[in-house]
Amino acid sequence: MFKKLLLSVGLVWCLISLGQARKESTVEECEKNIGDSLKDRVCELRQYTPVSSDDMDKHMQCVLEVVGFVDGNGEVKESVLLELLQRVDSGVNHAANMKKCVTEASTSGSDKKANTFYTCFLGTSSLAGFKNAVDYNELLKAGKMQTSDPFDMNRVAALIKEIDDGLC
């Protein structure tokens, strides 16, 4: 009897977890599911324009979660992001910038954390490296680059330009 109850509880937990999993797996899917207030601004947002709105909070949660930089609660995966930032642009103190913006985001509710971090980070000396890191991971998730490919800023920029040109 106890085993059946435990099994049932486990099954329900699995189903609930599946129901809460992010349905999007690429930035493109996040853009397709963007809130109505931002539908006409996708091209602008792809140029890293910060926006304060509930729709942008949801969009940045989606994008940053898909590229692997935040978890489902908007918490920054600091070691993952820092490792890539240092590969992309080693001449900047990304750790200090990240600490500042993670601290700022920690004062926000979980639904606003990703966008708060994003907006803050765009205002730091990590801006160029962050853009490249997001773009690189977007390309990896879209299957346009492989993890075995070394980071090549020119290739990343060219592939992102192709995507942008197709959308905009």
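Keep in mind that glycine also has a Cβ here, set from the backbone N, Cα and C atoms.
Annotation source Swiss-Prot lists signal peptide at 1-21, citing sequence analysis.
The annotation disulfide bond is assigned in Swiss-Prot to CYS30-CYS62 (among others) on the grounds of similarity to another entry.
A C-beta separation below 8 Å, combined with a sequence spacing of at least six in one chain, links GLU31 (serotonin binding site) to VAL42, ARG46, LEU167. Residues annotated as serotonin binding site in Swiss-Prot: GLU31, HIS59, TYR118, ASP135, GLU138.
Swiss-Prot lists GLU31, ARG46, ASP135, GLU138 with the feature noradrenaline binding site, giving similarity to another entry as the kind of evidence. Under the DSSP three-state reduction, GLU138 (serotonin binding site) is assigned to helix. Packing around GLU138 (serotonin binding site) is summarised by its Cβ count: 23 other Cβ atoms lie within 10 angstroms of its Cβ, all protein chains included.
Per Swiss-Prot, disulfide bond is recorded for CYS43-CYS168 (among others), and the stated evidence type is similarity to another entry. Secondary structure at CYS168 (disulfide bond), as computed by DSSP, is coil. Contacts of CYS168 (disulfide bond) defined by a Cβ separation under 8 A and a same-chain sequence distance of 6+ are given as VAL42, CYS43, ARG46, in order along the sequence.
Shown in sequence order, VAL76, THR116, PHE117, CYS120, PHE121, THR124 are the residues of the chain, 6+ apart in sequence, with a C-beta less than 8 angstroms from the C-beta of CYS101 (disulfide bond). Annotation comment: Swiss-Prot describes CYS101-CYS120 (among others) as disulfide bond.
What Swiss-Prot lists as histamine binding site is TYR118, ASP135, GLU138, and the listing cites similarity to another entry. Non-local contacts of TYR118 (serotonin binding site) by the CB criterion (under 8 A, 6+ apart in sequence, same chain) comprise PRO50, MET60, LEU64.
Calculated from their C-alpha atoms, the gap between ASP135 (serotonin binding site) and CYS30 (disulfide bond) amounts to 14 Å.
Under the DSSP three-state reduction, CYS62 (disulfide bond) is assigned to helix. The 10 Å shell around the Cβ of CYS43 (disulfide bond) contains 12 further Cβ atoms across the protein chains shown.
Cβ neighbour count for HIS59 (serotonin binding site): 26 (other Cβ atoms within 10 Å of its Cβ, all protein chains included).
Counting every protein chain shown, the Cβ of CYS30 (disulfide bond) has 23 other Cβ atoms within 10 Å.
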